[in-house]
Structure formats: C-alpha cells, structure tokens
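Notes for the one structure printed next.
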C-alpha cells in the first residue's frame, strides 16, 4: 500500500525497461523509500489533452508525483516539465517538488493538475529526445490555441502548417481543408486557411519528427515563445506584465517587450509583501536605478512569481542543484524555498552519457507513428524497406569492389536501420528478445544492443535532398554526432531504403543501427581455438617494419585511386572542370599511381620470400628491405617534377571552385561519396605526406640495424635520398597544409567573407563556453594569427557553424578570471572593441588555449597592424559585450526559418570541427602536423566490452580517426571512430582479457579492445593513437618565419 499504484504505461506495453524519470540520484544510488500511508488519487491532464489518474501517498512530496508522470510517459528529459494547478485562492502555481502534496493540493478530487512545459531552453536542439520535442510541439500548439503565443499571420500559418503535416501527413488540398474545418488551432483560423494550405504544400516528405523540429525552430524566434505573463505595475502605476525566461526577467506592455534584465545584470531578487524587487549590479553606462520595484496584485502573486524566477535562474545558470540552507536555531528570516532537481547542464550531461534506454511512443493526433528506439522494428509508414532486402544488404556489407563511377546502387544502397528482430535472424538461433530491446536474453545480445546504438552511417547518399531532420538521440554526447560512423555497402536495397525519422537535423546522418559487420555477434572471427593454427611470422623487428611499409603502401595506393579513378571518372561525366585544370591534376597523379603499384608488388614479393612462402630464400639473402627501398626511392626522384605540381594543382582547384558554381557543386557531391572518406583537397597532398612516412620507416630501420648488418648500408643510402627530397619539399608542404586547412575550415563556417588571405595562419580550433546574458553557452572558437572567431552550430541542413563575432588580436590582453566570475578554468579576453569571458572544460585544455592565444597575440603585435575585417557583419562598437552577444545570438527573423525549410546542399557532419564540438575539446595546427606524420594501416582484431569473440578488420588510422574496412581491398570504409577525447590504456586484470598485445580505447560508456599481431605493431598502434587521443601541446612558440604562412 505504501507505493505508487503500478499502471500499464505505453512503454511497459511495448516491453520497454522502466527508466528513472527525472531522478537526480548519482549512478548506483537507490531512491528514498516512498512514504507509506493513505493513498490519494490525483488527475493529471497531459499535453495531448488526455487525463490520467495517479495514486500517490498523501505525505509524498511533489517530486514523487512528477516522477510518476515522467515514468508513465517514459520521458528521459522530464526536468523541462512541471505540474501546475490552481491553489485555494484560484492562483495558478507550480507544484513544489519538496513539499508534501497534501499541503499543496487541498481538495484533490476537485483539482485537475496540468503537466506542461516549465523551462523553455534557448535552443530546441538542446532537446535530445524526439519525445521531448513532441511534447514541446504540443505545448506550442496549446499556446497558439489559447492566444498565449502571439505572432503575425505568416508565422501563425507556418506554425499550423507544420502541425497539420505532423498530424495528417503529406499535402492533399481536400484533406487539408476538411481537417482544418474540424480542428481549430487559432481563434481566427478561417482567415488563414489559404495560407496554411499553401505552406503545407511545401512540406511534402516531412515526417512528424521533422515537423516538430521545424515547428520549434520557428516558434523559438517569436517574442512570446515560452512567455507566461504576470500582471504588475511600475512605480508610476503604469500597467505592465512581468515574465521570466532562460535569459532573465522580461517586461512587457501588452504583448510587446519593452525591457529585459539579463541574469548577468541581476544581483538579487526579493519580494516584500506585494512589491517585487530587482537589485541590479552597478553599471556606469546604465541609466537604471540600483533597485527596481514592481507592484503586483497580492503577496501570493508576488511570491509565486519570485519562486518561478528563482527556479529559472538555478535551472539555466547553475552547474548543479543548490545545496539546502542550514535551518536557523531560533528565528527564520525570509523564505526557505530553493530549486529542486537537476539543472539544464546536468540534464544535458546525463543524456550525453547515455544513461537511458530509448522506447517507442505514440502520437495521439498523428496518423503516422514515430520511432524513438533505433533497435526496434521500424514503423510501416516510415519504412518501405522489405525485411528480406534489409537482410540481404546486411549480409553483403563490404563484399566485392565497385568500379570507379559505376556503383551498383550509389543513392539508395545504404542501410540506415534494421530491426532487432531482423538482426536476431541474421545472427542465427538464440534466446529471443522483445521488439523494444528489453533486458531479457543472453548477456552478449544485450551487449550487442548497447554497442550497436553507437553505429551510424558516415555520409548517407540521398536520392534527393531532405529538410533538416530531428535526431533521435545517441550515446555520444550529442544527438548530432555518433561515436562510430558506418557506411554500409551492398546493392540490393531499394532506393527508398532511407528511414527518414532517424536522421539528425544538422548532420543528415543516420541514427544507430544493427550491423552484422560491426556487431559483436557477427562477422569474421579469430576464435581462441584458431590461435594455434595462425601462421607464424618471422620474429625479427625489421620484418614488421618492412610489413608496415607494405600495409601503409596499400592505403596510399587506394588514396591515389580516389583521384586517378574515382574523381577522374566523376569529372569525365560532367563538363564543369576546365581542361587546363584537368591537365594539371590527373597527368601528375597517374604516373605516381603506376609507379607505386609496381613498388607495392616488389615489397610484397620480398615479404613473401622473407616469410619463407617459397623456396627462393635458398638462392639468396632476402631477409632485408633496404635494397628495395633504395631502388624505388631513386626511381621516385625521377617523378619529382610531378610532386612539385601538386601544390599548384591544389591552389588551382580551390581557385576553380571559387569561380565556378558547377565545379563547386561537383566537388561537394564527390566529397559526399563513401569513397571520399577525407576532404578532397587532403588527397591532393597525400604524395607529399608519403615521403615523410618513408623517411620515418627508414629512420627506424637504421636505428634497429647495427652498422655491420648487411641491410644497414642500403637503408642509410635510401634515408639520405629521401631526406634530401623531403627537405626540398618541406617549405611547400607547410604552406600547403595551412592553405588546405583554411579552405577546409571555410566550408564549415557561415558568415566569413575572406577567410583565406595571404599571411593568415591557422593556430587552433575548439569548443569553449562563452559567458553571456544567457549564462555559459557552448561556442566553437577559431584562433588565427590575427583574429579570434567565435561561432555556434547552425541549425541548417548544411550543418555549418555560424560566426557570431571576431576579436582582433592586435592590442588584445588576456587574464585568468576564475575568482571574479566563479567559473572554473575561466579567461577574460579584452580586445580593443569588446571583451568576452570564456571557460575551458579542464585545466590542461585552458593551458593550451592560453599558450596559443598568447603566442598569437605576440605574432599580431609584431605584424604591421590590425587585421582587416573579414566577417559578413561585424558586431557594433557601441554595445557592451553582453548586449552585443545577446543581440547577435538571438535576433533571427522568420526568413531564417524559411531558409532552413528549403532543401539545402548536404554537408558532412563528421569533420574535425564537429568532433571537437561534440567532444568539447580542441586541436591545434601542431596537432594536425603531427597527425600527418602518424598514419598507420593494418589488420587488427576488435572486441566489444561484453562480447566473447574477436573480429578481424582492416584498420586505417589517419586524421585523428580510425577507419574500419572488412579487408584492405575494400574501396571505402564501413565505419569510422573519431579518437579525440578517447583515453588509451592497457586492459587491467579485472577485465579478463587474457591475450597479448591488446590495447583499450575508452570514452564515457564506450569501450573497445584491439589486438595486434606482434609487439612491434602493438607499440606502433599505441604510438600513433596516443598522438590523437591526447593532442600535442605546443612545445614552443614558433617565430613568424617558422609559422605556417599562406
């Protein structure tokens, strides 16, 4: 009798595990026992207008009831919601989560408590669950109907058109008008009917999830979004309305905002009887008095509004729930009220950690069901993939090779989701599981489901552009990026095999899926009993160094083929590249491809002899590689003329792209192909990078061999030859790397006029928190030798970062300000026109930024003067930093929403900028240079955390990322794992990994084990991966001549 009555929930009916609702408990803690005693029945009105009755103990605090509602809905992000009800004086108040329910709701039989949105975040992309966005959309629909969300006719019609799309699907004029006649979304709807129908016609193909996303995108820019007005009077007796939002306290006259007090400006909030008092921080530029006073209708009204302000401030501004004040011994002064629950930061961190299970939910008003769990079976309206087709595609992942330009299914052959049932059938007989992926079944299957939630398609090729689509969430720290990106190869899937609800709004990436290749239950295995049958390699370290030349040469040849075969084939089909540019690129790559094909054959023949796979070793000493290296490096010198042309080709290609829309479109579309797994211009620099790899290999051989060894003389001669070539091309290489990086960053930024100019050097990019009127906001910072840019992630389909401001480095000063602002790892950057306060995620991260910013300031001081403007619109000079930032980040008009509805060109969402954003880290140009040198390929065995067998994969490490292939013959990677933020360790005894040469990669809840074939290869993988997982700190500040200048 002492527990809440167990009622069947939508989740329980689907077999989903119960979640902990909005519990603020740490992992491993148990919730406090529910108070025993008499039960009381309370009616809750949901956002879809249905009513549910909940039985709770009378003495239970309000939190018990809110938890029960969230559990009933299987709602993970329940902290944004609250319960409101009319008290005994008919004043609508929020249910206090700490007070007993019986003391707040006097007559529960006669009161209907409403479950509504309480906290409206500044950006709806912070809502990482589709169910949460659906509930927010229902709240917007309610506010429209009740006249709370005041807006112009165009906005109202656009909002309603998205609601109609989510409820009845694609446009049909007769159905639209019939539906609008039965449903009134706004009081004066008849006058807007034609506009609604016209707008609805533009949404064909949008799923309900997409419609929710677009609805919130438009609504959040309206002045009255999330605003609840509280009548008051100012000191002169003028009637006004007060409201509270995520940014601070707002003042309205009617529905027009006349003033706003950001949290950063507010020093104290209090009330005295009917007077509401706002004490501001002193500001010499402000004409306001120190304390503002507003008169409300009664003390109860005043206290109710004060409580709401306290809760909003705590939820949006604090890192964690405030601690309760100690009770006074004798007398109490003031209210003991405090915010209870998780702050927004804690909610975001909780969802990022992946501490929850996703389940399906039902849309009451929609004819189309949504998918929330990616391991569950797709709903029929959104999936036209036959089960047999799914199975055949899954089983042929990575099989065969596709000819250049002749992919069997370039548009629709990507498998983006498979049901758990289909996956089980592919694995073979075993314990059955419920469709929703319940915890029943064997442990290995459960582990598979857990790991498979990370797998996501790398860059889906779509038959037609689609609007931005809401994410269903992931375990990666953000709904917009997954730990592992997967490309599925296979040509049997129909062209409409893309499941639209599972695409992210920004990255256009598919959501997690079950893949037989990357699943721990399938794929080729190297089981324990096979260990004894594995072939025995030579034990000499020189053999493994030579084998590294062979494995990396295979990858290098594949990279050359991206240009010589795939890109050339694409260009030949289009008449968009000038003949002069073609003659500059392809004739200079084809001789290299031919030469290195023969080089690889010679190396592999020598390795076969070394391994004793023929009897040729009887006729001579073949256990060496120096002679092959010397011969071919001397041959490479004959190709030097082609190598010198590569920098010219890179510059000419970028110039051509800048001058031709058709060429730009061709290159962008080519980059979206699976075979182009890195930025296109990176492949143009591969021949220069390869020379450095030869030099490193020969240095290791010379270090390994004693001078008396027969191979030492050839290795030393080859090293001298390659060192000379590298020295000649070194200056060009540094210049081109900076040039390539500037152009790559340009693709990720919106609002930059001329990023690539002579003399500009890239230094560091990364995620920092910027302190503004809204609190700490995550921003992406880009540091150059003359300016510091800060940006936020865009909400467009192109998934770029929007530039909000620039700080010229000339005349800038920097100081640590943790004590002043009370924020850990905090810096104040003071420019000549504006100052900003930023915070890093950790002390080492802050030290890297301090070192690089100081070096950049020194470089700027030594230059001729201030850098030229290069933002499309610079922030005004006459505003304070907080006001300027607030204006730039908030003032978006309806046209931006319409733009986001247009079918924009897709943009890759897994670039280094996006990885840094989601992993909350940074990377410097020094790190990029180190990464160029640390490239590696070879076979590794991979194992998941809870799986039993090991899976053999061909793995390529480059660009801070592991790319996984089924074999070295595959033309494109099947999956990728960005390593920034991961930790690299050796498994402990408790992990029960009884194998040699095993290393472990770990990030939050994601754990992978990899096993190498020898001690040398194990050490090499550890060496190169460590360079990516812990980015290098700048060893010294280079002089202006040493730094990367274009």
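Just so you know, glycine gets a Cβ as well, placed from its N, Cα and C.
Annotations in TrEMBL come from automatic prediction, not curation.
For 373-382 (among others), the entry in TrEMBL reads compositional bias 'Polar residues'.
Per TrEMBL, the feature compositional bias 'Low complexity' maps to 436-448.
What TrEMBL lists as compositional bias 'Polar residues' is 472-512 (among others).
Under the heading domain 'FERM', TrEMBL lists 40-320.
Per-residue confidence over the domain 'DH' (541-732) averages out at a pLDDT of 89. According to TrEMBL, the domain 'DH' annotation covers 541-732.
Broken down by DSSP into helix, strand and coil, the domain 'PH' (761-858) contains 20 helix, 50 strand, 28 coil. The domain 'PH' annotation in TrEMBL covers 761-858 (among others).
Residues or ranges marked as domain 'PH' in TrEMBL: 933-1030 (among others). Residue counts for the domain 'PH' (933-1030) under DSSP, split into helix (H, G, I), strand (E, B) and coil, are 19 helix, 41 strand, 38 coil.
Summarising the annotation, TrEMBL assigns region 'Disordered' to 1-38 (among others).
Feature annotation from TrEMBL assigns region 'Disordered' to 361-535 (among others).
Under the heading region 'Disordered', TrEMBL lists 865-905 (among others).
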Key: Among 40-320, 541-732, 933-1030, stretch most in contact with the domain 'PH' (761-858) (C-beta, under 8 angstroms)   = 40-320
